[in-house]
Ligand SMILES: O=C[C@H](O)[C@H](O)[C@H](O)COP(=O)(O)O
């Protein structure tokens, strides 16, 4: 079995009739959306907000009713993947560039469930390059500021020959921190830099982590 599918399908079981939910982005969230779509065709009533254009398209394909944030003041549940998850349920997200919308949706959900295969579980965050979303205006100066502040490799994310542009019209810098000793401290520092819109460190947001395995097992950790 596909471990991402195992985790995604298990998370879908948390979705109950009448809920307003957040749909994550990526190859693991794909399976949660697929399963929720099946449940909707079976009669489940939900309304959803997608965290990316890609997930929005997927939700439409599966006839999951989409709403805008102006229609609700919070979500009951959000389900999303991660690039890394540590034992404290802190995450690196944004490998697919959707970190800003993902964080907004997660922050406004009563429950935030992270789904992943076991390859995403790490002792310390930082092997995966940390995505940092920055505004295009004077991005070279923001990049310089980051380079002066942290002695680690920074790389502007590319899409072919062009700079990668997020769903929000911003750029992404990927930072190879190696080991992030204190995700909370780094998260605060990065947010304080003018030009940085958001970063992929999710600290103190996750309620539940569901790890899927190829033999069909899941491991569930709750806050
Ligand atoms: O921007 C992308 C998201 O943060 C994804 O949730 C993350 O990159 C994990 O994606 P995947 O499940 O495809 O590994």
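A Cβ is built for glycine as well, from the same backbone N, Cα and C atoms used for every other residue.
All annotation found in TrEMBL is predicted automatically rather than curated by experts.
Taken verbatim from TrEMBL:
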| type | residues | note |
| --- | --- | --- |
| ACT_SITE | 102 | active site, proton acceptor |
| BINDING | 25, 26, 27, 28, 80, 81, 82, 83, 93, 94, 95, 96, 120 | substrate binding site |
| task | Would you please pick out, from the binding-site residues 93, 120, the one with the fewest other Cβ atoms within 10 Å of its Cβ? | result | 120
| field | substrate binding residues 25, 26, 27, 28, 80, 81, 82, 83, 93, 94, 95, 96, 120: largest Cα-Cα distance, in Å and rounded to whole number | value | 15
| note | In the three-state DSSP scheme, residue 82 (substrate binding site) belongs to coil
| task | With the Cβ under 6 Å from ligand 1 as the test, give me the qualifying entries from the binding-site residues 80, 93, 120. | result | 80, 93
| field | 25, 27 as binding-site residues, winner by CB count within 10 A | value | 25
| message | Under a three-state reading of DSSP, tell me whether residue 27 (substrate binding site) is helix, strand or coil. | response | coil
| message | Quick check: which same-chain residues outside 25, 26, 27, 28, 80, 81, 82, 83, 93, 94, 95, 96, 120 lie with their CB within 8 A of the centre of the substrate site CB atoms? | response | 24, 29, 98, 102, 116
| query | Given residue 27 (substrate binding site) and residue 102 (active site, proton acceptor), what distance in Å do their CA atoms have, once rounded to a whole number? | reply | 14
| Rounded to a whole number, how many Å is the Cα of residue 95 (substrate binding site) away from the Cα of residue 102 (active site, proton acceptor)? | 12
| field | All-chain count of other Cβ atoms within 10 Å of residue 82 (substrate binding site) | value | 29
| remark: All chains considered, the count of other Cβ atoms within 10 Å of the Cβ of residue 80 (substrate binding site) is 30
| What does DSSP say about residue 95 (substrate binding site): helix, strand or coil? | coil
| request: Could you state the whole-number distance in Å separating the C-alpha atoms of residue 120 (substrate binding site) and residue 102 (active site, proton acceptor)? | output: 18
| request: Return the residues near the residue listed as 'active site, proton acceptor', defined as same-chain residues 6+ apart in sequence whose C-beta is under 8 angstroms from its C-beta, sorted by sequence, else 'none'. | output: 24, 25, 51, 52, 80, 93, 94
